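Lifted from TrEMBL, the feature list:
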- 109, 110, 138, 222, 223, 224, 225, 280: pyridoxal 5'-phosphate binding site (BINDING)
- 141, 279: N(2)-acetyl-L-ornithine binding site (BINDING)
- 251: N6-(pyridoxal phosphate)lysine (MOD_RES)
Ligand SMILES: *Cc1c(COP(=O)(O)O)cnc(C)c1O
């Protein structure tokens, strides 16, 4: 094992430099806490980007991994297994698909969205070559999902993209202008997490449902970040009272075990036929047993309701800090974007880390907060204290910087 001081050098030498700098070397977690190699404890209000629904090392998670690993971990999709069938039935019930719904299992969000992309093509055929997605939405990093991701700077080094995807603004007018009978599917991220936890306008999902239905296009909702109870509903689309044709899930459903799924409703459930898609690992008994246990615990412990309640507490706590730096809170439940008045989110994240709090800069002006769904009063209070200190540190630095220009110093 390398010396704790050398880990940055190891990262620089051995890991593909496809992502930015690593913020710490973490060695252990429990509940909403993680510890680095020097023994420093952090309150984890990012949860591996909305993944660790039950926090770290939850007994239900640990037991599910250990028990299933000691029973049957992988068999390939030539065989069915009880955990796979149990999870599929549970996801159908939670998503409200009714009996005709179906579930395809992959191992990540991108794989779930790749399956959804192929579903859209099967539906569209030659008559419907167009696929719509929202500008700024994030759907993944593989070639297909990168084509869906509405961020030109991410696509640019990898052109040409798979064909047919067009990006539109998140407005009802843009939907009306774009939809016609040549559209196979519309992809929607119901709260744009990577874009800075940006909410859709009121009525957008309802209009999307109505217009896609009118033109015979599929409505596919990407619930990879918003699903598994995080927003205070099992899935964010449920707040809009609509029924999509498909949703994709990953992140929080596995609670830290890699798994993703495409869940279809109604006629879309009949589009895939034998030989059209598959994955060696997808839906294996280990991953599905863990996800089924995680979702069972979310249900039994009332964590969807907890997400709604704690989310309101966090918003109130942020407001009570009275920081001039904070403009607004966006998002729902325990997916919160704190919008800042200055592009200093990375500095706030660094200051928070100094004060023992892990949060994330979704972009230069947004702090993303996505703690485990298990948090209680104690964690909310601890968060507020550390976040207040971090905001104060950065506000002081800004004031110093702006001292010569007297007028705007504390805007
Ligand atoms: C994280 C995310 C993805 C991609 O999931 P991966 O598991 O990283 O492939 C897709 N869509 C949304 C909305 C996400 O937040």
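Glycine too: its Cβ is placed from the backbone N, Cα and C atoms.
Among the binding-site residues 223, 279, 280, no residue has its Cβ under 6 Å from any atom of ligand 1.
When the Cα atoms are compared, residue 223 (pyridoxal 5'-phosphate binding site) and the residue listed as 'N6-(pyridoxal phosphate)lysine' turn out to be 9 Å apart. In this structure, the binding-site residues 225, 279 were compared by how many other Cβ atoms lie within 10 Å of their Cβ, and the smallest count belongs to 279. Cα of residue 222 (pyridoxal 5'-phosphate binding site) to Cα of residue 141 (N(2)-acetyl-L-ornithine binding site): a distance of 14 Å.
Using CA atoms as reference points, the recorded positions 141, 251, 279 were checked against residue 110 (pyridoxal 5'-phosphate binding site), and the closest is 141. When other Cβ atoms within 10 Å of the Cβ of residue 109 (pyridoxal 5'-phosphate binding site) are tallied across all protein chains shown, the result is 29. Among the residues the record lists as binding pyridoxal 5'-phosphate, namely 109, 110, 138, 222, 223, 224, 225, 280, the two farthest apart have Cα atoms separated by 25 Å. Look at the Cβ of each of the binding-site residues 110, 224 and count the other Cβ atoms within 10 Å; the largest number goes with 224.
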